[in-house]
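Pulled from TrEMBL, these are the features on record:
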type	residues	note
ACT_SITE	131	active site, proton donor
BINDING	58, 131, 152, 155, 166, 212, 238, 239	cob(II)alamin binding site
BINDING	195, 210, 238, 241	[4Fe-4S] cluster 2 binding site
BINDING	280	tRNA binding site
């Protein structure tokens with residue numbers, strides 16, 4: 001099979017498997033490797049020590065999969081039409097965490113994708129990855145023409161905004177490669193201006209100040225006082241820089257039902273309800289969702305930090 005025909009077949013299979021977008025890039029040293037070095041040197045990764053530990057693999061995907069000749073990137077829409085209320089009595093949980101853990105769903109789909117590719121090319125070998133792997137998936141998505149990297153550092157598209165997960169296959173075949181898209185952010189700085197903790201500069205994130213980092217990855221210690229009062233009721237993750245992005249006006253509902261809220265209460269949970277959760281309650285409420293990643297003690301810390309920042313009420317259960 002010619003690489004032109006193989007490329008067409010790969011993209012057709014991706015659509016049949018209900019991925020929302022597919023693009024292909026040539027495997028090489030990772031674009032943005034120099035920026036990664038600078039970002040790490042400035043300590044903007046916070047306490048995410050694995051970013052430093054696996055730096056060399058992130059900088060060259062061929063260290064992740066030595067036979068890599070091409071990177072097949074896919075996007076999977078997770079947008080659901082439920083709205084988070086701006087209510088002082090309710091907590092906010094990032095939209096992606098309402099449903100089933102995307103790592104498992106996406107990784108399983110990618111493995112099936114690779115299995116289907118092997119049926120049409122018995123010499124095809126590859127390795128699947130999602131954002132938990134030491135791969136700079138956003139940079140590969142940009143190179144593969146999935147979208148452009150916005151000023152909030154998320155990958156954006158003109159037809160579904162940024163509400164999608166990224167995953168990919170590093171494969172041992174040369175293919176026809178897609179071209180990167182134009183950057184359509186223009187003069188808009190809505191995301192940068194909306195961030196309450198000043199975590200964003202155009203195209204750069206300081207994780208130390210990011211609400212998502214503070215409520216998920218920053219563990220086993222109090223959230224710094226300067227930032228704890230600026231959580232805006234977010235207790236797991238944060239969607240502010242996506243909510244204000246004009247391109248997310250074009251978001252469309254996902255076809256993947258497992259990304260819908262496992263329970264209605266996850267969309268706008270009362271703070272007092274979350275404050276009273278026992279470890280068993282926490283495990284039951286968030287079973288199978290990404291929220292479990294925060295762990296019980298840290299999640300309760302987040303809830304209490306939000307409640308303590310409110311003027312004169314609900315500070316104690």
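Yeah, the Cβs are placed from backbone N, Cα and C, and that goes for glycine too.
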Env. residues of [4Fe-4S] cluster 2 site, Cβ within 8 Å of mean position of 195, 210, 238, 241 Cβ: 152, 191, 196, 197, 199, 200, 205, 211, 212, 240
DSSP state at residue 280 (tRNA binding site), helix/strand/coil: helix
Most Cβ neighbours inside 10 Å, all chains, among the binding-site residues 195, 241: 241
Cβ neighbour count (within 10 Å, all chains shown) around residue 131 (active site, proton donor): 15
Integer Cα-Cα distance in angstrom, residue 238 (cob(II)alamin binding site) to residue 210 ([4Fe-4S] cluster 2 binding site): 8
Other CB atoms, at most 10 A from the CB of residue 280 (tRNA binding site): 9
Spatial neighbours of residue 155 (cob(II)alamin binding site) that are distant in sequence (at least 6 apart) but have CB under 8 A: 75, 138, 141, 142, 146, 147, 148, 149, 162, 164, 166
Spatially closest candidate among 131, 195, 210, 241, 280, the listed recorded positions, to residue 152 (cob(II)alamin binding site) (Cα to Cα): 241
Binding-site residues compared (210, 212, 239) - highest count of Cβ atoms within 10 Å: 210
